Structures are given as C-alpha cells and as structure tokens.
Amino acid sequence: GKSEYDLLVIGGGSGGLACAKEAAQFGRKVAILDYVEPSPQGTKWGLGGTCVNVGCIPKKLMHQAALLGSALKDAQHYGWNIAQPVHHTWPVMAQAVQNYVKSLNWGHRVQLQDKKVKYFNMKGSFSDPYTIRGLTKAGKETIVTAENIVIATGGRPKYPTHIAGALEYGITSDDLFWLKESPGKTPLVYYPFILHLYEIIVYISLTDASPDVSLECAGFLTGIGLDTTVMVRSIPLRGFDQQMASLVTEHMESYGTKFLKRCFPTKVEKLESNRLQVTWKNTDLGTEETDSFDTVMWAVGRAPDTETLNLEAAGVKTNSETGKIIVDASEATSVPHIYAVGDITEGRPELTPTAIAAGKLLAQRLFGQSSELMDYDNVPTTVFTPLEYGCVGLSEEAAVQCYGSDNIEVYHAYYKPLEFTVAKRDATQCYMKMVCLREREQRILGLHFIGPNAGEVIQGFALGIKCGATYPQLKKTIGIHPTCAEEITKLHITKRSGLDATVTGC
C-alpha cells in the first residue's frame, strides 16, 4: 500500500531537523521521530540533539563564563577596581544555560509545527525497509511507513565498562551541562581524562573520537575555579595538527589544568566521605597511584546510537568496527531509499554544520530536483579551549603525507594579541601557521590559528581556502588593524628558513 509519509526522519538532532524542515519546504509530507534515552546517571533533555543540549551550545556558554573570569583579572590592569577574590557560582550559570537550552528545545518544536512536520516523541526501530515501529516512554506503539527514511540518531558518549566503578560513579558530557550543583574536584579521563573544584578528573582515551570536547570541558572547569585534572592515555587532540595540539595543552597547563600523561585508570571507588577514589597506572613509571576527587568524567569516545534501530530488519549495513552506518556520496545507505546523515555516518566529520548542510542537501536532492552533493573537504572547526584553536584544511602532518615534505611550504608566526599587552598576559602559545604547496601558485592547503576568538578568525579565511586561495593572493590581502587576524595576512617566515618567527612591532 501507499506509504504514510514521503519522508520519515529518525533522530531530532541538527542533521535530522535540517533535513525534515527542508523537505517540508517542498510541500512533502514529513515526520520526525525523536527520543532521548536517559544517560546512565539519569540525565535527559529535549528536542535538538547533542549540539543544542549536551554539546556546542552549553559548552560554548560555559567557555564564555570562564573567559569572563579571565577578563575580570585583566580588568584591574585597565583601571577597573574589582574586589578580590572573585567567586563563581555554578548554580546561577547552570540555570541560565539550561534555561536557554530549553528555549531552543521549544523553538524547534514550534518550527516543526509551523512547517507541518509531524513530531513523534518515540523511540523508532525498523520492522522492514519501509516501516518504523515507534514506541513511547509509556510503551504505546505506533506504526509509521515512509517512501524515504533518513537515519540521524547521532552518537552518545561511551563508558569504559571494563574499569570497576566507571558506570556507577562516573559522568560524561551528557551529564556535565545539566548538573545543578558544582562538580567540584573533577577528574576528566580522556582515556584518560581526570577533572578535579572540588576536584574533577577527566579521562581521555586512546580511542577517543572527540578529544576536543574533553579538553574544552577541562578548560572551562579550570577557568571557573575548579581543581581540574586531565588524565591522558596517549595523545590529546588526536586527528588535529600535533604541533598545535601541544601548544593547546601547554597553555592549559600554564592556565592551571593538571595533566596526568600516559596514565590509565583501573578502578573508581566511593569513599565514606562521598568523594571518589581513582586508582590508575602510570605507563612510563610502571607505578600504581591513587587520588580522590568529587567528580569523575569519562571522555573515552562516542558510539553511534544504533542499538535499538533494528537495522538488520531493513538491511542497512554498518562498519563492523565502529558501528557507524556506511553511506555513499549521496548519503545513501546499502538500502537505496534509506539515508543517513550526521555523526552516525562512517567517515564524516562529527560537526553540527556539516550535518545541517548534508541534511538540507539531501532533502533538496530527494524533493527539489537538485544534484548537488555535500563537499566534506576544507571544513573549518574550532576547539574552544581557554586559548582557542581554529583550523581549516590539512594539518602539517597530513600535507607531508599527501605531498611529501619537499613539496610543501609552511609559513608561521608567534604573535602577541594587543589585548594581552596591558594585561601582562603570557602569549607564549599564540601561534599561527599556513601550510601551502611549494609549487609556483602556492595553493593554501591548511590554516591553523591559536589565540583569542579563533573561530571568528578562521571562518572568513575558510571561504578563501574553499575557493582555492593561494599564498600570493593572501599577501595581497590588506589586514584590519589592530587585530589578531591581520597577522595571518602578514605571514612571511617559513619553517624551512629557520628564522625567528616572532612578530615584532605593531
């Protein structure tokens, strides 16, 4: 029989919402299913997916809170009389951030209603390639059929379940942004990442697919006055330019974030004081060590949210190692009328803007007579650590691997932001580099920038690089003075020359 909907989207995150709303613009009958399974610690949220609820939005707002703390310290040098010490109140910040997130949840609901997209607050699973079984929290079942189906369920943080006490006592980024009270001394474990304010430990893992999130969390937790430790098993910011990654972590250490490098946790235990005792091994020294924290946060990667989809019933193929859905250039899965966008897809950047663009373009191809495919090359991104790192294009390592070290030229500079001067702030890690082909035109392959407002700086240059900009064209670009961004237009010292790359004068 005839399907009930022209398009059914499973997942109400950035990519799914963009696809559903775009399809509705073409007058098609569209439905979207979204359901948030509470985290192991019981945290839940509304429509909008990871970015809105437990990702980019609350993360950037809490990063802003930390930046304001730094600005208060700087203000004294500019003549402002501010009583010291200045204290941060977590519940006030948390409530404000959570209220804003809830307003975005509501806004998405209203937009779906305005565009006549049917919204089901249900968990969806395939019965067959054209039929989805929706199940409410109360267990009520609804059967939905559609000509085209888009899977956009994203991912959720992993727990290192092989570590005793990890699930019982640890949190993830799914919980951090919804805490009503301060997490205190937090260890962030970035396989390994440990946060300590009371103390927090964050553990970052070897397999962490999104190490930037863990460092960003550690950064703003440090910035608001929490004693924060990051335990790293291997290398932080895997997948990014490693020179830049080292500068980011160096700055974080000078900023006050503690790092336990080449360590991995073995167990977490709850003490009578309600603090958490973490035991870990130091691989360099071969020793076993312990410390206690108020919060343990795991940042050991993300897993695609496919468990309850029953993909086998539809014949949708996944990567056996990652669990992500295999798609072609048109976002089609192994089943022609079933598509996937966003973090759930194999080999795609786990970034909100790429999911949104891919979702919109997919709807346009399905219903708007378009043939335009998503271009995943030269996608800019920023890591919102205390000193931000923005980049677009290839890392220096990737450029060397692709073209050979003799065929690339790297222009670089250490600079001091004007706002750092009067405030007497350390600019040791403020650095930029441009990776170019060495041939006559010197096409720009990658641009990397560490400093204030890195995202704002990189965004405009990303357009030029997307359009094939060359180094000679950049040299003809007039900078805006005095800004950090203008230093990019003045890059002229090559790494190959061995000359001092420190910017002097104004």
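For all residues, glycine too, the Cβ spot is worked out from N, Cα and C.
Here the structure is a predicted model, which means the values were calculated and not measured.
Here is what TrEMBL says about this protein:
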type     : residues              : note
DOMAIN   : 5-173                 : domain 'FAD/NAD(P)-binding'
DISULFID : CYS51-CYS56           : disulfide bond
BINDING  : LYS60, GLY124, ASP343 : FAD binding site
DOMAIN   : 213-359               : domain 'FAD/NAD(P)-binding'
BINDING  : GLY301                : NAD(+) binding site
DOMAIN   : 379-490               : domain 'Pyridine nucleotide-disulphide oxidoreductase dimerisation'
ACT_SITE : HIS481                : active site, proton acceptor
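Overlay of TrEMBL feature records on the structure.
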residue : record                       : Cβ within 10 Å
CYS51   : disulfide bond               : 24
CYS56   : disulfide bond               : 18
LYS60   : FAD binding site             : 17
GLY124  : FAD binding site             : 25
GLY301  : NAD(+) binding site          : 21
ASP343  : FAD binding site             : 31
HIS481  : active site, proton acceptor : 8
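Residue counts for the domain 'FAD/NAD(P)-binding' (213-359) under DSSP, helix first, then strand, then coil, are 39 helix, 47 strand, 61 coil. If you compare Cα positions, HIS481 (active site, proton acceptor) sits closest to LYS60 out of the recorded positions CYS51, CYS56, LYS60, GLY301, ASP343. CYS51 (disulfide bond) and ASP343 (FAD binding site) are 11 Å apart (CA-CA, integer value). Here the candidates are the recorded positions CYS51, CYS56, GLY301. The one whose C-alpha lies nearest to that of GLY124 (FAD binding site) is CYS51. The DSSP breakdown of the domain 'Pyridine nucleotide-disulphide oxidoreductase dimerisation' (379-490), given as helix, strand and coil counts, is 38 helix, 31 strand, 43 coil. Spread of the FAD binding residues is 31 Å (greatest Cα-Cα distance among LYS60, GLY124, ASP343). DSSP gives CYS56 (disulfide bond) a helix state. The CA atom of CYS51 (disulfide bond) is located 16 Å away from the CA atom of the residue listed as 'NAD(+) binding site'. Put simply, GLY301 (NAD(+) binding site) is 20 Å from LYS60 (FAD binding site) when counted between their Cα atoms.
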